[in-house]
Amino acid sequence: MMSSHTDCHYCLQSLRGRKYVLRDENTYCVTCYDSLYANSCEECKQPIECNSKDLSYKGRHWHEGCFNCAKCSRSLVEKPFAAKDEVLLCTECYSDEYSSKCFHCQKTIMPGSRKMEFKGSSWHESCFVCQYCRQPLGTKPLITKDNENFCVPCFEEQFAHHCYSCKKVITSGGVICHDQPWHKECFVCAGCKTQLSGQKFISKDEYPYCVDCFSKLYAKKCTACKKPITALGSGKYISFEEHQWHGECFNCAKCSISLVGQEFLTRQDGILCHECASA
């Protein structure tokens, strides 16, 4: 070291033939410099002298030989490390003590590696994949079934119900008719297209009809009142020689007495009880 100064700035002793340190344009003997400016080592608490290597991390200092893992004592010089509560640890010890385990493979997620978190659990990025197609899920929408994660297309292909009418996936709600799923908006009368969700309906050939459309298209007509005979009434009807009656309409054409379960005779003007037919 070359300097025009020949005496230590602090102790004023001659520096001729001695080592010295230049600081802020002032020269110091090694002893004075170490006592005034040397950092204390975090590990051994001794000064880090000017002829020693000073390693620093977040304002703290260590001798090169003291910069070790607090658990296994291996040197951390020029090696990756982690800090926990101001304690330095090598990546292996840190992982054993603090790193989370992958929900899928149960192996440690090493510090510095990317991890995915979902529903309070952690995954290696390479383990956080669709259970069916094995493609990474990343931040894509996903659906969980039986603790397994699926991308939306795979889940829909494997598990989702498809509407009996439009064949598209039913993502929420829906209606079941004859064990077939329908979107609510697709569950309409096959005749007039009125929505039937929550309404009375009659099904034929696996398709639903509102009562009016079914009556117009398929229901038999009562010989007496000419109105359709449907299952939405009393459910009872009488059939005789190609003619049908509501149970409540199956009455004598003259005296109006009910003929349900009774003997009767037919005339051109209707059905008659024995008494009226004999009169």
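Any Cβ shown, glycine's included, is placed from N, Cα and C.
No curator has checked TrEMBL annotations; they are predicted automatically.
As written in TrEMBL, here are the features:
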DOMAIN    39-99  domain 'LIM zinc-binding'
DOMAIN    100-161  domain 'LIM zinc-binding'
DOMAIN    220-279  domain 'LIM zinc-binding'
Across the domain 'LIM zinc-binding' (220-279), what are the DSSP residue counts per state (helix, strand, coil)? 8 helix, 20 strand, 32 coil
DSSP-derived helix, strand and coil totals, residue by residue, for the domain 'LIM zinc-binding' (100-161): 7 helix, 21 strand, 34 coil
